[in-house]
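What follows is a set of notes on a single structure, which appears directly below.
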Amino acid sequence: MNTRIMSVRGRRIWDSRGRPTVEVDVHLEGGAWGRGMAPAGASRGSNEAIDLRDGGREQAGFGVQGALRAISEVIAPALIGMDARDQDAVDMELIALDGTPNKARLGGNATIATSMAVIQSAAAAEKMPLWQYLAGDRPVRLPLPEVQIFGGGAHAGQRIDIQDFLVMPIGAESFDEALCMASDVYRAAGELMAALGRRSGVADEGGWWPEFTSNEEPLELLTRAIERAGYRHDQVAISLDIAASEFGRNGRYRLAVERREFDTAEWIDVVTRWIRRYPIVSVEDPVAEDDSAGMRAFTDAVGDSVQVIGDDFLVTSAERVSAAAVAGQCNAVLLKPNQVGTITETRRTMETARRLGWGMIVSARSGETEDTTIVHLATGWNTGQLKVGSFARSERMAKWNEGLRIEEQMGKDARFAGWSALPVRSLA
Ligand code: PGA
Ligand code: ZN
């Protein structure tokens, strides 16, 4: 099949927050084609790739006409004629065309949608699902899901300070069983909220709205929900995305909901106490992106038995992952393709983390679409973990459900990552 790129077409679509975003279709000369859709974050790291937004009054400044122009005027003419199977060359061309360190010229939204569409078209040309195209002959596993139960922080109008209270079904033996377990806990948590008269809808990623009076209360309730659903803590464990850059700066951490303020050492003490009291196996961005010493101290304190994920702190950058490893910061990296802007750069960061023996979590954003590419990346690259939000709202369910289809495609060869995907020797 002729895999030369024949056309690259962008269009404006709308994301799960009702904001404009970029979709790209790539058609190949042989007839195969692929599609990619750009997601968008709300609690972004300051070193992420920049989404090109139009500004001004229309669509509250979120317009993507500039990004679409970059696709039709700059990206399409350069990519037409290139081989879609050579993802590295395509992405290096995108990087060169952009010419900035953070995709500020073309827009990370334009480059990631294009990059995803190209890899999808190449898999389609091989008549393979993307996960299989990426895996080649290597054995791969379905990822361990990290499922949000309560949303908070920037995804819930700062109703509470901590951003994500999630569960990991570490005792599951298959992806299918893991989703059943997550669904049981999600439902149990909703019932507990209803019984307290505090159930009032869901946050941006589908987790229950955080109608709480402190940041610890949801931990208490989540622990009870796991028990109410009938699971032990070695079957379903808790994971936190603190997203501390949202409330921490210059070594001060201000919890608005509790009207309390801590320095870095006191804040690490608070989180460490939570880890002792509740069945927490993973913590993301425990300190702010500017708190390097804090990240080292936290990793030092708990890194043997708890996964310490860098999101805003590492922004899917291979260089940052390498530097963090040398400095003793984190033992896992969140992989958000749009945080860096191309599939190839995401893969390089993944490979760097793999060499270090780190945990690798492919992740969605809080603003999402029905695109399921990241599920294929997590499986085909065998990263072991996947985080796409809660267990409600179809932009989330589209991804969990795609994992079920992949598990079915693997048939009797299907393997599931389970808790061994965590970079810890034993569970706390
Ligand atoms: P974001 O949040 O997509 O709003 O940046 C997701 C996360 O922090 O993991
Ligand atoms: Zn995060």
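Backbone N, Cα and C define each Cβ position, glycine as well.
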Subject >> Annotated companion of D241, E284 at the Mg(2+) site, TrEMBL, chosen from D263, D311, D312 >> reply: D311
Subject >> Record-annotated (2R)-2-phosphoglycerate site (TrEMBL): member among Q132, Q158, Q163, Q235 besides K336, R365, S366, K387 >> reply: Q163
Original post:
Near K336 (active site, proton acceptor), which residues of its chain come within a Cβ-Cβ distance under 8 Å, counting only those 6 or more away in sequence?
Top reply: G41, D311, T316, T346, S363, A364, R365
**OP:** Give the subset of the binding-site residues D241, D311, R365 lying near ligand 2, defined as CB under 6 A from any of its atoms.
**Re:** D241, D311
Original post:
To what whole number does the mean pLDDT across the domain 'Enolase N-terminal' (5-134) round?
Top reply: 98
Original post:
Say you check the Cα of E205 (active site, proton donor) against those of the binding-site residues Q163, D241, E284; which is nearest?
Top reply: Q163
**OP:** Measure from the CA atom of Q163 ((2R)-2-phosphoglycerate binding site) to the CA atom of D241 (Mg(2+) binding site) and give the result in Å, rounded to a whole number.
**Re:** 6
Original post:
Using Cα coordinates, what distance in whole Å links Q163 ((2R)-2-phosphoglycerate binding site) and E284 (Mg(2+) binding site)?
Top reply: 10
